[in-house]
Every structure is written in structure tokens, then in C-alpha cells.
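These notes concern the structure reproduced below.
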């Protein structure tokens, strides 16, 4: 019997990073219809940084969370509607309660890879409300497999029904994935998943290795639409898993049709492994920093690659966008001092 893989599609959430959180009503409606037709089991929607995150700090969303959920819910019937949420951005009283009222099916409660403690109240609230909650560990390359397991066990103890690790910076090689996924699969009683980014061109093979090591949940976005160099490309995953004998339940032809719809409707620059994306992966810095890093480099007349490596040294994580300009200012000052000394 073929092994079943649950493919989750965060195109309408992670993909929002690629257009500065400006996906339109028409884009949400059209893509939800296409994903539903292709039998995509889970469709994640929202601001790129999740529920309640729209702000000047990380980017203001064109649509409100409420509008996004209402539009998406209207077109998702077989497919489950999921959201990403980070405690701190997302409050229980204001945001989570309303998301429940608007029909969200699956809540992916996320934290930095060493800060699972902050998810306790949110996971408990979702579970006590009768809905499904998963634990998401972001920037998972920044700690060891042993610590990841400790943090994942915390989420499991809070009631998380699955644990997904995110390679948020696209920094992993297959051996990194193998070590971490096998550790989690052997140490947890809930399903384990993997969310890849393609900064170093490894996202598809990393996803395959994750499945070979026991992961049963894999994330992918249509056309790789997402932060930085993009996510693991969903339609490629469907084709590759079909070739390898895994069962996803997704209609290959219809997901390829969805890719065409997205390409024409979203009007993004097609995800590619740009020089900055490579540096982001090497530095281990969140892929979504690419655009603000480029702007800061221009504003301060410094090399954006140096900004990325500076952010890596400071172990910057998503939500710390203010560090980008701090690093840029420090580099500009250092360059100015070097010029003065050389005179």
C-alpha cells in the first residue's frame, strides 16, 4: 500500500510575502477555487506573517484577516482552511476568537524554534474550542535536533496534533533534514512535517528526504510562490511523490492548471534563486528579509550581502525587521571610518 502524504498549501499565506502582502480578493477567490478543484487537502491563507501580523513593522496587508477568511471560506468546501499564527502578533481575545467564528479549520501555532513555551495558551484555546491545532517551529536550523525535540515535546504536551519544522531561511542540506526529522519522528507520538524554502536549491530533495525519514506532512506553494527564493514548488512535489509511489490525493493535471492560474493572476516575479537568496540561505536568515534588506542597502549605500551576514551573526529572526536598518547603519558607519583612516 502506498504511503500517504498530506500536502499543505500555504500559497495564499507565505506567497503574500512575495507581493508585500498585497494579494487581492480576486487572487484569493481564484486560487481557492483552483486548489479545491485539484483536491488540495489543506489551504493556508492570510498575511505572510500570519494572523494579526499586518503592521508597519512587517508590512500592512491589502485585505483584513476577516476579509481573507470570509473570501476563502466561501470557496473552500472539501479543502480545509488553515491559518498561521504567532503568539505576540496574534491575540486570543481579538484575533483567535474571530478566526474561529469565521470558520477556520486548522490552526498552525508557530514560534521561534527555541520558544515553544509561548504557544501554550493559544494551542490550548484552539483545542478547547474543538478545532485542530499544530505546532510550528520556525527557523529550525538555528538549534540542534535534541533541542528541537524538547521544544516539539512541549507543543505536543500543550495539545498540538502535529509538529512541523520550518527551514525558514532555506539553509538545510539533506543530511540536516534527515537528522532532525528522524529525531522528531522517533521522539514524538504525533505526525511530523517539513516546510522548505529554496534558497540553496534544496527544497524538493529536502522534502523527499523528510518523507523518507518518516514525515507525513509536507508544505509546498504553487510555482514556489513565497518569501525570498520561494517555497518548495507544490506541483513539482505532487509529480515527484507520484513518481516515487507516494499517495497525495491531489489531481496532477488540475494542480498544473492551478499553477497556470496563479502565474497569470498573481503577477509576481517568478521565484528564483537570486544572489541575495543564496546569501540568505548561507547566512541562515529569514527569506522574507530579502526586499527590506535590498531597500536598506540602497538607503545606506552598503552591500546587501553584508547586511545578510550581519543579520546572521546577530541571529535575527522574523519580526526583527528593525535590525535590518541597525545593521545597515553600522556597516555605513564602519565604511565611513575606513575611508577616513585611509585618507
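Positions of Cβ are set from backbone N, Cα and C atoms, glycine also.
What Swiss-Prot lists as active site, proton acceptor is 17, and the listing cites sequence analysis. If you draw a 10 Å sphere around the CB of residue 17 (active site, proton acceptor), it holds 26 other CB atoms from the protein chains shown.
If you look up Swiss-Prot, you'll see 13, 14, 168, 195 marked as substrate binding site. Sequence-distant neighbours of residue 195 (substrate binding site): residues of the same chain at least 6 apart with a C-beta under 8 Å from its C-beta are 10, 136, 164, 165, 166, 167, 168, 218, 219, 231, 232.
If you look up Swiss-Prot, you'll see 14, 195, 197 marked as Mn(2+) binding site. Counting only same-chain residues at least 6 apart in sequence, those with a Cβ under 8 Å from the Cβ of residue 197 (Mn(2+) binding site) are 167, 168, 169, 170, 203, 226, 227, 228, 229, 230, 231, 232, 281, 287. DSSP assigns residue 197 (Mn(2+) binding site) to a strand segment in the three-state reduction.
Taken from Swiss-Prot, the feature domain 'Pyruvate carboxyltransferase' covers 5-256.
According to Swiss-Prot, the site 'Transition state stabilizer' annotation covers 13, on the basis of sequence analysis. Classification of residue 13 (substrate binding site) by DSSP places it within a helix.
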Note the Cβ centroid of 14, 195, 197, the recorded Mn(2+) site, then list each other residue of that chain whose Cβ lies within 8 Å of it, in sequence.
10, 166, 167, 168, 196, 219, 221, 226, 227, 231, 232, 287
DSSP three-state assignment for residue 168 (substrate binding site):
coil
Same chain, 6+ residues apart, C-beta under 8 Å of the C-beta of residue 13 (substrate binding site), given in sequence order:
44, 45, 46, 47, 48, 50, 83, 84
Substrate site shell beyond 13, 14, 168, 195, criterion: Cβ within 8 Å of Cβ centroid:
10, 84, 166, 197, 219, 221, 226, 227, 231
Could you measure the widest C-alpha to C-alpha distance across 13, 14, 168, 195, the residues recorded as binding substrate, and give it to a whole number of angstrom?
14
